[in-house]
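Below is one structure, written out as structure tokens, with a few remarks after it.
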Amino acid sequence: MYRTLENNQSTTLEVDKIDILIAQMVNGLSYGMLLFVITCGLALVFGILGVLNLAHGSLYMIGGYVGYSVTATYTQSFWLALLTAPLVVAFIALIMERTLLHYTYKLGHLSQVLLTLGVAYVFHDIAKIIWGTNVLSIRVPESLAGSVSIAGQLFPLYRLVIIAVGIVIAVGIWWVQNKTRWGAIIRAGLSDREMIGALGVNISLVFTSVFVLGGILAGFGGVVAAPILGLYPDMEFQTLILALVVLVIGGLGSIAGTFTASILVGVLETFGRYLVPELSMFLVFTLMAIILVWRPNGLLGKQVAEG
Amino acid sequence: MYEETILEVNAINKRFGGLEILKEVSFDVSRGERIGIIGPNGAGKTTFFNLLTGDLTPTQGTIAFHGKHITNEPNYKRTRRGIARTFQKNNLLEKLSIFENLLLVLQRKHGIKSTWFKVRNNRSYRALYEEAEALLETWGLHGRRNTKVENLSYGEQRQIEIMLGVATDPSVLLLDEPTAGMSQSETDYIVELLKNLPEALTLMIIEHDLDVIFGLSDRMLVLYNGHVLADDTPEAIRDNQQVNEIYMGKARVV
Amino acid sequence: GNSAIQQSGGSGGEADASEDKVKIGAILPFSGVYASLGKDLSDGMKLYFESVDWEAGGKRIEMIEEDTGADPQEALKRTRKLIDQDDIDILTGAVSTAVAYAIRDEIVTNKLPYLTSHAGGNDLTREQKSDYIWRSSFSSWQIGNSMGKWAYENIGDRIYVAAADYAFGREVSAAFMESYKEAGGEVVGQVYPPLGNNDYASYLTTIRDSDADGVYAFFAGSDAVRFVQQYEEYGLKDKFQLLGSGWLVSEDLRESIGNAAEGVHAASFWDYNLENEENGKFTEAYEEAYDRRPTIESLEGYDAARILVETIEALDGDVSDPEEIVKAMAAVEFDSPRGPFAFDQNTHHVIQDMYILETIQEEGRTENSMIDQIENVQDPGK
Amino acid sequence: MLQIKNLNAYYGESHVLHNLSLKVGQGQVCAILGRNGMGKTTTIYSIMGMVPKREGTIEVAGRNMVTAKSYHISKSGVGLVPQGRRIFPNLTVKENLLTTKTNTENGWKHDDVFKLFPRIEERQHSMGGNLSGGEQQMLSIGRALLTNPKLLLLDEPSEGLSPLMVQEVSKIIRQLKQAGLTMLLVEQNLAMAKEIADYIYILNKGRIVFEGAVEEFNGDIQKKHLSLSS
Amino acid sequence: MKIYLKFSTALLLFAASPFILTSFHINLLTEILIFGIFALSLNVIVGYTGLVSLGHAAFFGAGAYTAGIIAQNISANLLFTLGGAVLLSVILACIIGLFCLKVSGFYFLMLTLAFSQMVYSFVYQSTGWTGGSNGLSGIPNPILFGWELSNTVWVFYVVASLFLVVYAILGIITESPFGKVLVGIKENEKRLKSMGYHTNIYKYAAFVISGIFGGVAGALYTYFNGFIAPSDIYWTMSGTVLIMVLIGGAGTMLGPVLGAALIVLLETIVSTYTNMWMMILGAVFIIFVIFFPSGIYGISKDIFKGIQNHTVRPKVKNISNEKVS
Ligand SMILES: Nc1ncnc2c1ncn2[C@@H]1O[C@H](COP(=O)(O)OP(=O)(O)OP(=O)(O)O)[C@@H](O)[C@H]1O
Ligand SMILES: Nc1ncnc2c1ncn2[C@@H]1O[C@H](COP(=O)(O)OP(=O)(O)OP(=O)(O)O)[C@@H](O)[C@H]1O
Ligand SMILES: [Mg+2]
Ligand SMILES: [Mg+2]
């Protein structure tokens, strides 16, 4: 940055700098919202099922790949991909929950971690068999392809659309979690599955639904992110780590927290890349460490009372 | 009874957010006293215990033990000073056996240093084992020493809860509804056990079973809405009109 | 034999039970981020071996492939396995430079002839060079240096440099800057995003604000796709010429990159559209066999296999002495699809022509076309 | 209403209930008494489908439920006030009440529960885990009532309640009885049990050792079956 | 007594292995033992204390890089390099533990991850010392009492003896009253505090112990490999060792070693036959969770118990009757 400024002797230097800051802010926001779209499924499943789904990244990846197949091979429609990919992933999530995850609720978190990691490994190779190892990408639909100028700087329209999409999803999830009976039942099931059954709730059905919903969100995120992040081997693990970081910074079980954390991480990473490019990876983890030491339950995580 | 005051509670207050649960509670305890604490549900009895043991810290006010301020001391330090407690809701090491639960208590009681890093057949450790066995014998649990606590019935777990409290060999023992969930015969047994505790031991008991509480206490404290409504002899409490109204109702002590 | 005796016996020379075979070990990534490169290298080798019916110097060629992922530790383990258990005669492969460095000592102590077929770290044929290590692919210096002078002469005297933050990326950009500055150009800024970075928006915004004439970028794989795409999305394409290495717009990425690749200038030692007889034969055969276009890595595999076959031919199939193998390998010279091929006897590194490519739009897709050629680029070896 | 025949229940390898048979008629209140660890809770949980392995028959309103899932049993009209309250600690009081499936239109509603236990209403925004023991017990009872059961299982509902509250709860139970609700009650508070129940079973080591109308239950029987020496 | 017998047997077996096994297998065994130590060290906090860490690679890496850097720049003396590795692991564990023990559960998992990734970034960026992404190569062989451990067998003997020592130390620690307290913390920390234990100190001690032996494993890995890569300090390494502990059987002594053996063997053997080894590894994880949730150690114990049950006792026992009152 300094190098650039040194060479830029013009008197409009100050103005330029502010423009750049605004531009980076928008970049940060859109990247943050992209993170949110990717993370929200994980946050939902962990926040209310208590399952740390390490296969979330894989579901996201499958969403992206299916989206690719739909756009590149069979039809040319991004919108169709946006519709079908989440459904396909939802179906996979359904199978996964019913045949595997189902058994682990009584076994505790660690078993789930191991199980979902195993599933992620299996999906990794399956995806390799089906889609190969080349880098693939989904084309942005024509209608969203252009660029928009903000504060004299160009931005891809698609990035701005992502900001809107993120907000819509956030509101939707928040509403389900807080304004419906569903949220209460699920959280109850988390602390005492047996008892919620004795109150007449078929908790396995509820759990399955939530997991499938998480799958839908993962698949959706996969399609939405593919035009920007691309599809390639190992993408799921890269995404997973980032998603976990966002999840933890926000605090478990709080969609508002995940939302806040997404923006925070997005903005911080963007500015980190701008100011200290080599350290950007370091910065995110440092942020997480600082936040956790300062607030041991994440930004907005609730201290769950003991029974 | 001894004249020596061991615990001084001075105008403590406890708030949870906007709720003021305890208001200006002041209170002295002498060595060897047997104090019964009663009061309606939600009066703040358990909270009061939590403040004494350090599981919570008061919003205002001070607590002194043997003249030393312990208001903000963490719970483990108070336990080492000799303040032990049992929990209203069973709070045990569920996946461990009864014996292992007990062993942990004894190990701490004798100071971890004396047993630190010593393997089983070491002398001091063997002494610990023997003490544990003896305690289990007293409590009639010897036959089930290796049963995991989570496999015990509710009432049986309540007994372990009390046993662990007593095993610490404290100078002040706080019992939070010790006999709740126990059958009549087990209750009688426990009451007998408690009566036989050393005279110098100070006992504070929260209990809704009137027979138990009147049978054990020589002084009674009534908490109501976060303040002390009465602090008197059992006989006086029995006849206290207000206590009857808010707490005992038609229930009579037999 | 047991290990205690093997070790104390010292010689390690066991009677080769399979006299009629030459065992070639190949350490390649079939998983992880470099998986597609590994696959292409492997396919290229197989294509050539197939063309000689897996026979050379009267012996059958047996190729044992080991998956290293992108992980040097794994590679070291695999190499040990190839040496100890499979008793290979020659080793080839390594996509990641880190892998090549990791196995280097093991190879030297075991006196195992090794033909590096991709990994480009400079030191492998400089400070770390060894009698047993020969490289047929490229060095990071070759890739970066070739573009430096050309960029000054053809693009402008102010360049911004962006490269993935890992050893290879740093080396390529350093080589580029060295020759670019030497030619008289000025580097107005440098930025090194982490390897596997997923959003370049921030970097691009910074670069956009500079007053450079062009941007030199080293990225590969998914990084390249994202960088080139976002370069266009953020409107940099209209402002600065994008320069880079062949991997920026490689054969297997361009379809994913789409039109954003158009106009990029890249330096490479081979391209699909090179016009020479060998390349025509190679690309045709490859497409016939695998039904897709070859990539740089396919070519590297193909050439490596050819070098191995010619080495064995020269020895009449007698691969019992590693020194002889190395000597024979050093002498291999031929016309490769990339142009004339020969080893530098001093550095053990290939001397080859470098090409400047431009990506153009053609019949609804992008193609690379050669616009300039730099002959006989030889790594300085220092 | 409830008929259990030859029920055997197991936790893993341990066999807890042995050929247990009991019956609760429509509108009747039966009490199960017994010392600690004799299998009372296991009986209740068996009916509710919460014991891992059960054999025999458990008929609720004529339908055998011995293999049914607990949500199924609950939906068929069985409500439970479990021992130890089992409040959801991470939910507020209000949310705790929200979790129940209210089976009928005109039955217990949230406001009715609040009217019954004003204390709970005051604390409706507190986390369940922060309630006092007695408050939790009230919440647990209220939660069960909200399912509007045809058969209510109460496992030591008076535990942790103040004497005044015990009388209150006892009164409510009697009112419910009058309204025709069938109940199975486990109680250590003998006075309360005698006041409410029509019929009494005493369990010892997983077997029924006494059964009879409440009038037949006297000091001798108490001494014989409920004292430590038994 | 039995314990000594077991140890002597292990000692004899280790001493004899180079005369029985090929050097490939000796290498494999060495690697298993190194990861065995690594898994055992993690087990102290995961299995006994109930603190699940996803950042244990930090200590492995710290040990490995310290040993490597010391060997390259100062002296290849084993006592030196190992001592340096231990020292740095202690310092690192003391610092990381100070922060990480402020949180619990999943947050602990992620905070340890954060710290180890910070260490990773540091190593990755410090190209001058560590070789950055290329890794640290050309590390001289370790020297023990003037003797260069130049071949697999010597390294194996060093690793095997250290393995026995570490196993014994950790065995004693976990069996000690101290170890019992750790188990208590895992079960119910609140209650332990009420018993009078200053649980934070115990957790901290456990964390540091765990870090030290993680560092030891790292140093041994350097002797064994002669090469260190940043991937040795990456979170995937933490993940692998955590899996070893879980699959083997957390909270047991033998379990983590068995887990290490299984994972190392699987990775080595399966990947020579197929490129789809991740799928197979994944399937193994799944099978373990669904069918053998208590790990390898659990399986062997179940089988053993099953045999006993069939021969000695009736299958269903009546607990109620056992009650003495
Ligand atoms: N952590 C907390 N946060 C908020 N409110 C609390 C908390 N702990 C207790 N309370 C409230 O404080 C009041 C007193 O609780 P406490 O447990 O001391 O009552 P108690 O006298 O022991 O009652 P019981 O006899 O029912 O056990 C209750 O109304 C309870 O809801
Ligand atoms: N989960 C379990 N696993 C194994 N055994 C158990 C389990 N729960 C209870 N038991 C045993 O089953 C027997 C009966 O327990 P149950 O809880 O039914 O007794 P209870 O009569 O309700 O006693 P309480 O009055 O103490 O509540 C007891 O001996 C107990 O130890
Ligand atoms: Mg209380
Ligand atoms: Mg019970």
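Backbone N, Cα and C atoms are what each Cβ position is placed from, and that goes for glycine too.
Here the transmembrane segment (A:34-56) has long-range neighbours at 96, 101, 104-105, 109, 112-113, 116-117, 119-120, 123, 159, 162, 165-166, 169-170, 173, 177, 183, 186-187, 190, 207, 210-211, 213-218, 220-221, 224-225, 228-229, 239-240, 242-244, 246-247, 250, 252-255, 258-259, 262-263, 265-266, meaning same-chain residues at least 6 beyond its ends whose C-beta is under 8 angstroms from one of its own. Residues or ranges marked as transmembrane segment in TrEMBL: A:34-56 (among others).
The transmembrane segment annotation in TrEMBL covers A:76-95 (among others).
Tertiary neighbourhood of the transmembrane segment (A:107-124): same-chain residues 50-59, 61-62, 96, 100-101, 233-234, 236-237, 240, selected by CB-CB distance under 8 Å and a gap of 6+ residues from either end. Among the features that TrEMBL reports, transmembrane segment is placed at A:107-124 (among others).
For the transmembrane segment (A:157-176), same-chain residues at least 6 beyond its ends with a Cβ under 8 Å from one of its own Cβ atoms are 26-27, 29-30, 32-34, 36-37, 40, 44, 140, 144-148, 182-183, 217, 224, 227-228, 255-256, 259, 262. Marked as transmembrane segment by TrEMBL: A:157-176 (among others).
Long-range contacts of the transmembrane segment (A:196-229) within the same chain, counting only residues at least 6 positions beyond its ends with a Cβ under 8 Å from a Cβ of the stretch, are 34, 37-42, 44-45, 48-49, 51, 53, 56, 59-68, 78, 81-82, 85-90, 92-94, 96-98, 101-102, 105, 136-140, 158-159, 162, 165, 169, 182, 185-186, 188-189, 235, 239. As annotated by TrEMBL, transmembrane segment applies to A:196-229 (among others).
Positions annotated as transmembrane segment by TrEMBL: A:241-268 (among others).
Under the heading transmembrane segment, TrEMBL lists A:275-294 (among others). Residues 1, 242, 245, 248-249, 264-265, 268-269 of the same chain lie 6 or more positions beyond the ends of the transmembrane segment (A:275-294) yet place their CB under 8 Å from a CB of it.
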